[in-house]
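Trainee: From TrEMBL, for reference:
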type: BINDING; residues: E:H129, E:D149, E:H151, E:D153, E:D235, E:D237; note: Mn(2+) binding site
Protein chains: 6
Amino acid sequence: MNPKEIENKFPYSGIPTFYKLQHTTNLKNVDVALIGIPFDQGTTNRSGTRFGPRAVRIASQNYGIYMHSDEGAYDLEQKKHILHGVTLIDYGDVPILPTSTATNMKMIYDTFKKIIESNVFPVGFGGDHSITFPILEAFDVDFDIVHFDTHLDFTDNVANVKFSHASPIKRASGLKTVDNITQIGIRGFTDRKANYDEATKYNSKIITASDIFKNGIPWTLGEIPETKNIYVTLDIDALDISTVPGTGTPEPGGLNYIQMRQILQNLPKKGNIIGFDVVEVNPLYDAGNMTSQVASRLALDLLGSIYSK
Amino acid sequence: MNPKEIENKFPYSGIPTFYKLQHTTNLKNVDVALIGIPFDQGTTNRSGTRFGPRAVRIASQNYGIYMHSDEGAYDLEQKKHILHGVTLIDYGDVPILPTSTATNMKMIYDTFKKIIESNVFPVGFGGDHSITFPILEAFDVDFDIVHFDTHLDFTDNVANVKFSHASPIKRASGLKTVDNITQIGIRGFTDRKANYDEATKYNSKIITASDIFKNGIPWTLGEIPETKNIYVTLDIDALDISTVPGTGTPEPGGLNYIQMRQILQNLPKKGNIIGFDVVEVNPLYDAGNMTSQVASRLALDLLGSIYSK
Amino acid sequence: MNPKEIENKFPYSGIPTFYKLQHTTNLKNVDVALIGIPFDQGTTNRSGTRFGPRAVRIASQNYGIYMHSDEGAYDLEQKKHILHGVTLIDYGDVPILPTSTATNMKMIYDTFKKIIESNVFPVGFGGDHSITFPILEAFDVDFDIVHFDTHLDFTDNVANVKFSHASPIKRASGLKTVDNITQIGIRGFTDRKANYDEATKYNSKIITASDIFKNGIPWTLGEIPETKNIYVTLDIDALDISTVPGTGTPEPGGLNYIQMRQILQNLPKKGNIIGFDVVEVNPLYDAGNMTSQVASRLALDLLGSIYSK
Amino acid sequence: MNPKEIENKFPYSGIPTFYKLQHTTNLKNVDVALIGIPFDQGTTNRSGTRFGPRAVRIASQNYGIYMHSDEGAYDLEQKKHILHGVTLIDYGDVPILPTSTATNMKMIYDTFKKIIESNVFPVGFGGDHSITFPILEAFDVDFDIVHFDTHLDFTDNVANVKFSHASPIKRASGLKTVDNITQIGIRGFTDRKANYDEATKYNSKIITASDIFKNGIPWTLGEIPETKNIYVTLDIDALDISTVPGTGTPEPGGLNYIQMRQILQNLPKKGNIIGFDVVEVNPLYDAGNMTSQVASRLALDLLGSIYSK
Amino acid sequence: MNPKEIENKFPYSGIPTFYKLQHTTNLKNVDVALIGIPFDQGTTNRSGTRFGPRAVRIASQNYGIYMHSDEGAYDLEQKKHILHGVTLIDYGDVPILPTSTATNMKMIYDTFKKIIESNVFPVGFGGDHSITFPILEAFDVDFDIVHFDTHLDFTDNVANVKFSHASPIKRASGLKTVDNITQIGIRGFTDRKANYDEATKYNSKIITASDIFKNGIPWTLGEIPETKNIYVTLDIDALDISTVPGTGTPEPGGLNYIQMRQILQNLPKKGNIIGFDVVEVNPLYDAGNMTSQVASRLALDLLGSIYSK
Amino acid sequence: MNPKEIENKFPYSGIPTFYKLQHTTNLKNVDVALIGIPFDQGTTNRSGTRFGPRAVRIASQNYGIYMHSDEGAYDLEQKKHILHGVTLIDYGDVPILPTSTATNMKMIYDTFKKIIESNVFPVGFGGDHSITFPILEAFDVDFDIVHFDTHLDFTDNVANVKFSHASPIKRASGLKTVDNITQIGIRGFTDRKANYDEATKYNSKIITASDIFKNGIPWTLGEIPETKNIYVTLDIDALDISTVPGTGTPEPGGLNYIQMRQILQNLPKKGNIIGFDVVEVNPLYDAGNMTSQVASRLALDLLGSIYSK
């Protein structure tokens, strides 16, 4: 084996890019760009998600060693290759300034705009949930949103702040490009009735964790409308606290990994996925990097179902 | 927003009381008093539960920001408000001396006696499980016990010590006020046959974790007798080790949060709940404060089902 | 109580042997020998499994205090004693040299050979998965292998290294004594198609985690062939990441403890278990020692089902 | 002992206020008010100082149990009581909003303004170093600044942001009330020449850590000018990394605790101390809460030398 | 190498006894017995010292691999062998019951009595500082005490409890066998004037940390009186917090390791050392097991200076 | 600021290379190449140094933001720029295979050979200390070795293994290119007399930690011979345990950072430094990444003194 082959074969070796992909901002002939967004100024409780992209990159080495530019990765349970012939890159991090929310929102927008205009599929790794809105703004086409979360994120503002991690879906609901919003995994005492009413007024479809535990995944999938384009935003706290302690507001009563994967793997049947993000990974509260591991796996599961049809 | 409103809105702000409630020992016009009991001298293995109340207080900030003295908290999954118009307070900690078990038992008793006599509903956060017996002693009425745990806690004594965390239910069984005892979640190799026989002799109803996994929650609820008054004691280790690593003797094969909540939410149908405790949270072995988070959530779930009828 | 009784009664007391058993290399009148194998040179990612045996010994104190040389331990859920009249010992650690894989393989072989030839049932605690092959070599009888894992471990070599933790089952498949191989819990993107083909060519029976979630445990048990002799090798990462963060390559989507126990408890019906190992516990990435706790419990579950017929 | 006495005697008991002082915003007859400032939006690297006040409060329990409203605390090394007859309170936290730097600066200012106008001595616990400027603004009198830090904090702006933790001393240098600035403990490669020039241009006196190690503490004290009023701002990273790992940018080569204390204890000889802050404690990167312990001790040392003359 | 040689050569291998010594309670022909005392019921703040002996055993493996029954260990800095021809054993743990302080005091006494009467030199590893008094009681000869600590431990009682870790030296002062007491490293605000007066009344010699930093080690040694017999009790918190974060009440301003070692190595010149203990190691608050490492090293330093004359 | 400028300005942003340098293997016009060597198979105790390079890269971001390709970094204490006009790169990691020591030694050799032959100054970050020998082999010129360590590393073999971290200096002593060896910081009971004799026989100059504490740094510098070429190998455990808990065998009684820096900064006066390595950083046992921080700082200090003459 030559040096590069060795580095690609062992998770502990090499400067850790997402899934051991090439780090480049050259978008030519690229299919998918993965971007880190180390932004946590929208956080209303535990800080630290700014180190999320770095932790996910490290965890993703475990999968990177099995991904090959030519044949993709082999999914033993599905008995098929995913990402066969697909070119993915690590685009690096969106430049983030401390304290300047407006500038940062602009830079997230600019970065994704450039990627989208190059016809490259964008995947964002947060960072807190505030990063979703500027990504959504960067799309020109109309699309539905499928939103996984404990919380509705439909708060209009937190003390007049409109771009915190409590408001991305409310902000999204004001975009002309956004049509249906489906919110999955919602639960608990961790929001106000007013925000629920706000979501309901928009006609957002709310599927609570309790609904899923009662009715099952096929029912859940049936609730998600078929459409032309879908953007997926996955707050890692939609999963149960036992699987994701390393997040800003971990909650019990959430989905397990199997349920989440089953939904993700069937989403491409509902419409054309145009991009997604995974947010709220906070390595400062994690154990054995498990939350980052799960985040990096779910992103791969979703990419795999999009790119193995 | 004024300063108090801001402090009430963000989990990181303010001296952390339970659920951001007012800290007071004035019981007038109070419905529910939450009390910390930083006692771990009854511990036979991992020390540290004396820091349980403090950790639960910090975790509970996540819910406190959504609880309002007027309208309570909104449960999105049940689509109703809980604790509407209910006045809760953080009564502070029971004074605990190091090494003086007898004095401490007396002080726990005195504290709860005063609360109960003021017609205030008491909720105790341990501390190890020894704290339950003096609480039980403080009630004058007859009542059943619903006990969640890995262990029977029916050991008569540990080397002649009668007030360790191995014996609270045995001690309780000697009280004239105590009638039926239902023990839920019991499992494993972590007790002796003699203690099982002791429990059986008392006619305690033992529902093992295996029974629940086999027969389901509705069956489990059916096994709990209807009665006039019920006291609930919840050893957090009744839950599975994946959800509660931060406890004295975590065990696999326990209930998950959904199962536990489902039981708790239906308990008020079995009788009048007169008080409860949550014990054995040990932050020194926790990850990301997850065990404290779950403990603070379950207490709220139970309070919510009592106070939203 | 005399001093020894006290030490045997409290997990925090005494030099920690497996389950508080006697530490001896005298095999006379012994039924079961538990051996630590602090070897992690076969590790291709996170180092640290060399400290696995020590962490499992500490966790196992929780069960040791309830095991009695005469009557064994009482399983409250099964309502029976296990290990009644069975003599178990802690044989200590296999001597392991740093860096000398070949010598270490030989020493593992020698240790187990001696135990097997003394008609003592061997239980190995790793260490990484490389330790399984020399154990297998030490048996003279023919046997099937039941293998729990995320990964197939059917890689012929890693950069010409034939004795890493990626290859134990491939190595085993070359032994004349080995007949059927059943691989349970396999999942994910974490192996190559070539290795899958290799396993298939051998005619190994692969039961993926997805298969088990879809078809259930009774079906799974039905898939395991009945035979004369069975060796069981349990890579702790076969379990879900929420239960075992402290391992080399934790993965979501794995079995939970209840499922795993149910399979283990029924294995003795499939044939005569001749020995087993539990591998890949890595305390450096654990939280609250939970992974070691689960590992020490599963070993006891399996021993209990073998020795309570 | 009555309950309050017990709570005051044991560090693990009671809702943790600074040094177990009374929590009140009533400033009547108060000498010293301690205030938490859970603000970390000015952080340019590791987030988490918003949890600094809470961690310092917990650490300070160790001293609180020895402080008595009547006689103060006894310093065994100085063989005298400190804080004799001095009334201290925990004023609580400044209300801090996520993301709104300007509003937060205003609220810090307002809180301290009110305290200062009540003739109460203010002590602020950060939070990141941005919190110092609004405190300084709240004073009407002229004063010198004694500034302990690794960094000069003389950066005019970070990407046009003028209120980050890189700029508080630059901001201070623009206040009409501010006269001499002495900067102690400065070191390393962690600033630009331009910022050094900026500080020099202001005529700030820079005493590097190397200067102190070479010339000793008496020399250091000699370098600090005598004046009328002094405000002290202590960035905990002025200390060596071995003593304070739990901070945003820990650096080797810093002062040890003995050196720092010796300087603090002699500062009152240089002028009238009018207030101080301790900033940049970050519990998310700490071990055994040691950084918070040292921070709470240094604040007490300084208070003790001010209030025992 | 044979298996035993290998186990003795690598720290990760073997069931961890103190310094890899033989674990036996047979005192025949033994010179020194090391005993663990997993007692933390006398703790007034952070629990967890019951796991101290186990953590010190693990840390001490690093030295055990260089100790040989025949030639002892070679001290490269002193250029001589220590413990040449000395027989040391790990006597195991004193049996400790939870909650029964009186019984435990008795069992510590009994264990040490037996060792002392066998003319074996006893070394105790705590556990909290309460364990020292029963050890002292077990000696028949008259002796001085050299006591290293942050605190005087001269509190008569804590809420009528006479055997907590605040009182061992007060208790010792009442023994007829105890003559001079020298207390070294005392510092801070962490005791009351009354206790200082109590110590002074006894005529205890108090050498504060400040005294040592001012006057140096030779002066310190000069202050310790020469005598016939000396018992040494070393509370690990006498060292600075930067070296020992993992203890019950870590404090800044303490001795560094070099200073402590220099004192210990010269103590045998002051009189015949008859035994010693190292207490208050708490692994639950440690980082990288550093506190246990230092504790195990200091015990070896002291043993080495006693047994290399 | 443009995106690249922003990424270069904030430590949390960007894929972490050493000091935020360009990651490239193009050696043209390069002055200094920094290389990670994630090898820990030579470890005889705590595994995990294979993750050392990655942790040092993350820690070094704090310095990277102040290094500029044009003007270097400004050292405030020395009041001069270092690395002015010097081109440094992150060359990435040496490809390391698990378990194949011989192959890995060869790959380390090859990597450094290529760098040296390109007239680029090599800096290696381990990994365990075994990595030093193949680096030394790659030089053609004659040179002295300056070796910082707790241990002599002069063991001929560990159980016939000649390339473990106990032997690099013994191996080096057999190279024809190696002349004087100076060993600094050596201490403790952690080696055998035989190894000391071996070092002495070679005529290695041993400067123990005690020597340095007694005689001071200028004396120490006087002991290091002047010569033509010097290679420096720095085992991080030469520093005191309070500064570097995160290493394989941390020891008390070591150098503090100030002492170490003072030696490093004067080394270029002794001869032409031709390369160096920093080894034995183990992030799995660290607190707040402090050990990695110190390692990355010391490397910069040494580079700075070489490249600012």
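Quick reminder: no glycine exception, Cβ is built from N, Cα and C everywhere.
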Trainee: Identify which of the binding-site residues E:H129, E:H151 has its Cβ surrounded by the largest number of other Cβ atoms within 10 Å, counting every protein chain shown.
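Mentor: Comparing the binding-site residues E:H129, E:H151, the most crowded Cβ belongs to E:H129.
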Trainee: Return the count of C-beta atoms lying within 10 angstroms of the C-beta of E:D149 (Mn(2+) binding site), excluding that atom itself.
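Mentor: Around the Cβ of E:D149 (Mn(2+) binding site), 23 other Cβ atoms lie within 10 Å.
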Trainee: Sorted by position, what residues of the same chain at least six away from E:D153 (Mn(2+) binding site) have a C-beta under 8 A from it?
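Mentor: Looking at Cβ-Cβ distances below 8 Å from E:D153 (Mn(2+) binding site), excluding near sequence neighbours, one finds E:H129, E:H147, E:H165, E:A166, E:S167, E:P168, E:I169, E:K170, E:D235.
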Trainee: Report the residues of the chain - excluding E:H129, E:D149, E:H151, E:D153, E:D235, E:D237 - with C-beta within 8 Å of the mean position of the site's C-beta atoms, for the recorded Mn(2+) site, in sequence order.
Mentor: E:H147, E:F148, E:T150, E:L152, E:H165, E:P168, E:A238, E:V279, E:E280
Trainee: What are the sequence-distant neighbours of E:D237 (Mn(2+) binding site), meaning same chain, six or more residues apart, C-beta distance under 8 angstroms?
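Mentor: Long-range Cβ contacts: E:D149, E:T150, E:H151, E:V244, E:T247, E:G248, E:T249, E:P250, E:E251, E:G254, E:E280.
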Trainee: Where does E:D235 (Mn(2+) binding site) sit in DSSP terms: helix, strand, or coil?
Mentor: strand
Trainee: Count the Cβ atoms, other than its own, that fall within 10 Å of the Cβ of E:D235 (Mn(2+) binding site), considering every protein chain shown.
Mentor: 29
Trainee: Please report the DSSP secondary structure of E:H151 (Mn(2+) binding site), reduced to three states.
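Mentor: Reduced to three states, the DSSP call for E:H151 (Mn(2+) binding site) is coil.
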